[in-house]
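K.L.:
Features from TrEMBL:
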ACT_SITE  D200  active site, proton acceptor
BINDING   K87, K106, E155, F156, A157, E204, N205, D218  ATP binding site
COMPBIAS  21-30  compositional bias 'Basic and acidic residues'
CROSSLNK  K202  SUMO2 cross-link
DOMAIN    77-327  domain 'Protein kinase'
REGION    1-35  region 'Disordered'
Amino acid sequence: MEPKRVLKPINSASQLGTGEQHLKKQHEDISSSDLISRGLKTEHSKENIASSSSLMTSDAAAAADAGKMKKWSLDDFDIGKPLGKGKFGNVYLAREKQSKYIVALKLMFKSQLQKAGVEHQLRREIEIQSHLRHENILRMFGYFHDKTRVYLILEFAPRGELYKELQRCGRFDEKRTATYIHQLSSALTYCHSKKVIHRDIKPENLLLSLRGDLKIADFGWSVHAPSSRRTTMCGTLDYLPPEMVEGKTHDENVDLWSLGVLCYEFLVGSPPFEAENHSETYARITKVDLRFPDFVSSGARDLISKLLRHDPKKRLPLQQVMTHPWILENYTPSHQTARSGPAATS
């Protein structure tokens, strides 16, 4: 018996646009027999089955426990409006037909992935993100492929990119910044406990849920359209820690540095080591040339300064970030009584 789909329609009230024909027109040369999918194998542990029980029928859970593969194809989805364009493909709003569950469907062209030599990285990133379960990490439900494309089935974040929100606002106040930093610290603590280092924390890789909670959205592949802001060499350096700039080995402490840079950019509106050219940015990062505008409070300065340490071992640990006086004074706890998608933090 074919396992039933695992997505449930708790967010199915969203309406799709008229983009289905636009995408399907691109697939006229692909027969239905070519739409052979290959899902990620569900973990067999009782803990994993239990944590996913609200999303799976008993038949599907039994199939997963038996190690069977969940299969998907493009025919399983109604395709809606485009959400963005990336280097290797596009992202569309989509609805799984059986459950009516709304997702973001990212397609990438195999030829472009092969030309860039990043197939192995894609496989690794799929494996990493598909096994992470945290309320502040964008969920990857699975993937499939056809002759020309790879498709990622991702959680849909209705409020979009955090970077665009930062652009709109200019900068965030202390309460909003502290809330985001607390949420991100919680997510990174979980990642590090799973031996996962993100290495690329920045506003462009963060999305917002319907309730406005932060979601880490990119473990190597952005869900929504990347901003052109960081396409230059100078831009790509803004969040790099000294050890990476200097070509040294690095560990999970690179994420602590990025957290400090992010906190600064939230409060100020620009990253702390931004400069006219990449050489000057290199120099400012390696010297930790940190300058605060007058309006940044002493508490925020203290936290940022303790994260932006040249010596990775001297950076403030994530648990101490979440209990820092400035964070405790300003952050708003998340009151998520329901989640738009698979849930439990393991």
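Keep in mind that glycine also has a Cβ here, set from the backbone N, Cα and C atoms.
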K.L.:
I'm trying to understand the geometry here, so how far is the Cα atom of E155 (ATP binding site) from the Cα atom of the residue listed as 'SUMO2 cross-link', in Å to the nearest whole number?
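P.N.:
Approximately 19 Å lies between the Cα of E155 (ATP binding site) and that of the residue listed as 'SUMO2 cross-link'.
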K.L.:
What does DSSP call E155 (ATP binding site) in the simple three-state scheme?
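P.N.:
Where E155 (ATP binding site) sits, the three-state DSSP reduction gives strand.
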K.L.:
Which residue, out of the binding-site residues K87, K106, shows the minimum number of other Cβ atoms inside 10 Å of its Cβ in this structure?
P.N.:
K87
K.L.:
Would you give the longest CA-CA distance, in whole angstrom, between residues of K87, K106, E155, F156, A157, E204, N205, D218, the set recorded as binding ATP?
P.N.:
20
K.L.:
Report, in whole Å, the straight Cα-to-Cα distance of the residue listed as 'SUMO2 cross-link' from K106 (ATP binding site).
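P.N.:
Distance between the two Cα atoms comes out at 20 Å.
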K.L.:
Within 10 Å of the Cβ of N205 (ATP binding site), how many other Cβ atoms are there?
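P.N.:
Here the count is 25.
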K.L.:
Near A157 (ATP binding site), how many other Cβ atoms are within 10 Å of its Cβ?
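P.N.:
Other Cβ atoms within 10 Å of A157 (ATP binding site): 25.
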K.L.:
Measuring Cα to Cα, how many Å separate F156 (ATP binding site) from K202 (SUMO2 cross-link)?
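P.N.:
Per the Cα atoms, F156 (ATP binding site) and K202 (SUMO2 cross-link) stand 19 Å apart.
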K.L.:
Counting other Cβ atoms within 10 Å of each residue's Cβ, which of the recorded positions E155, D200, E204, D218 comes out lowest?
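P.N.:
Ranked by other Cβ atoms within 10 Å, the recorded positions E155, D200, E204, D218 bottom out at D200.
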